[in-house]
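Here's the structure, in structure tokens; my notes come after.
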């Protein structure tokens, strides 16, 4: 009797355990389905599908971010006061007449020039692969323009002003054949390194977000956390470089890598190593003899070669004329390559701004979903 009772109790426990497992699987399945629905609803929140709701959520998320930044600035009010004091002193020195004005103007020009390229570098890397590719749109053409001008002028001593807004050959000219790769690299080193430093700074937001999430204790049930864990598992054993290398900031922040260890290595890699490689590639590509060989190679392509060779030759000739003649006016006829390039830049800028609006609107939608689920759990 006792043995039969024990067997019946074991069977009931097994049935209860099996039932609990089935209920657990059903619960997990319903949670995954709910997360998938929430994710699809967020991804549908874009300007071209739901413009009114997207812009409304974007404005609300902007207000929340401004409030958070205001609180953080208030917590660091000592540093903020010091920065404001330095800005006030510079403003007084800037507005006061005296012999120091030439140094103030020099510092102002250098600061704005460096800030311009740093800003473009930040735009290039801040989007985790979806940012504005400012090297191809701005820095690369700038280095190419300086390279062409150096070979045309036989010198890199471009007078300032108008350089860098307009490259004008020096009046004395230079010695033919005196231009080297290193002289051109030295001419564009400042803007190239500032752009590289900007790309390193652009890696900091994901680092700080992942670090803050780890310190505060990320929710293991959050779908973004789960996706990140899956990407880390896939990255194990993968060679570098690999497509997941853009997640370096998130990975270092998640594993609490010290800030200066991460940022120092990123700065050296991007602003020094990577930039010198990219800069050298552009300079070699746009060197005079290599460009001439490239144009002749385009002309040798059957059927379409001559038709493509003519606009490229016209574009290069127009650039030489514009760079070689000091004070000369630009040609009235705008080349179709320049027209296409301007439109590509415009489209890229519009896409980048739109992606920011969509991302912030989706972030606010996620806040609402998390708030709704929290209220459902408390009921």
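Cβ from N, Cα, C; glycine included.
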Problem set entry | Listed range which TrEMBL flags as transmembrane segment, given the options 39-57, 58-76, 77-95 | 77-95
Seminar exercise, completed: Students should find that the transmembrane segment stretch in TrEMBL, chosen from 322-343, 344-365, is 344-365
